[in-house]
Amino acid sequence: MHELSVTQSLVDMVLEEAEKREVKKVTKVTVVIGELTGLESESIKFYFDILSENTVAEGAELTFKIIKAQFKCRQCGTIFERSNFTFNCPVCGGVGVLVNKGKEFYIESIEVE
Ligand SMILES: [Zn+2]
């Protein structure tokens, strides 16, 4: 149910922007989601359709960009993305620690008519 409140603020942001620019119709919204937020893009889509009903954003197409979590090797400093359920460095096999990526959630762009 986390997605419901997140999507509500998403719709609010879109409508606020639309109002500022006196937009009549929002056609497309691109949203950036970090892997670590745990947010399901399908659920956001579902709620977006409901919450944007009877607004200028009704029927807008939602596109998602998923940002992968990144890890940094403690031994050699290589930055890498997790693969195949391992957190080990692909270069030296050392243990990776999470770096500050993958928690993003923001609107990248809004297309209007
Ligand atoms: Zn390494």
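Glycine too: its Cβ is placed from the backbone N, Cα and C atoms.
TrEMBL entries are annotated by machine, without manual review.
If you check TrEMBL, you get these features:
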BINDING   His2  Ni(2+) binding site
BINDING   Cys73, Cys76, Cys89, Cys92  Zn(2+) binding site
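Taking the centre of the Cβ atoms of Cys73, Cys76, Cys89, Cys92 as the Zn(2+) site, the nearby residues of that chain (Cβ within 8 Å, site residues left out) are Arg74, Gln75, Gly77, Thr78, Pro90, Val91, Gly93, Gly94, Gly96. Classification of His2 (Ni(2+) binding site) by DSSP places it within a helix. For the pair Cys89 (Zn(2+) binding site) and His2 (Ni(2+) binding site), the Cα-Cα distance reads 32 Å. Sequence-distant contacts (6 or more apart, same chain, Cβ under 8 Å) of Cys73 (Zn(2+) binding site) comprise Ile79, Phe80, Cys89, Val91, Cys92, Gly94, Val95, Gly96.
Cys73 (Zn(2+) binding site) falls within a strand when secondary structure is assigned with DSSP. Scoring each of the binding-site residues (Cys76, Cys89, Cys92) by how many neighbouring Cβ atoms lie within 10 Å, the top position goes to Cys89.
All protein chains considered, the CB of His2 (Ni(2+) binding site) has 11 other CB atoms within 10 Å.
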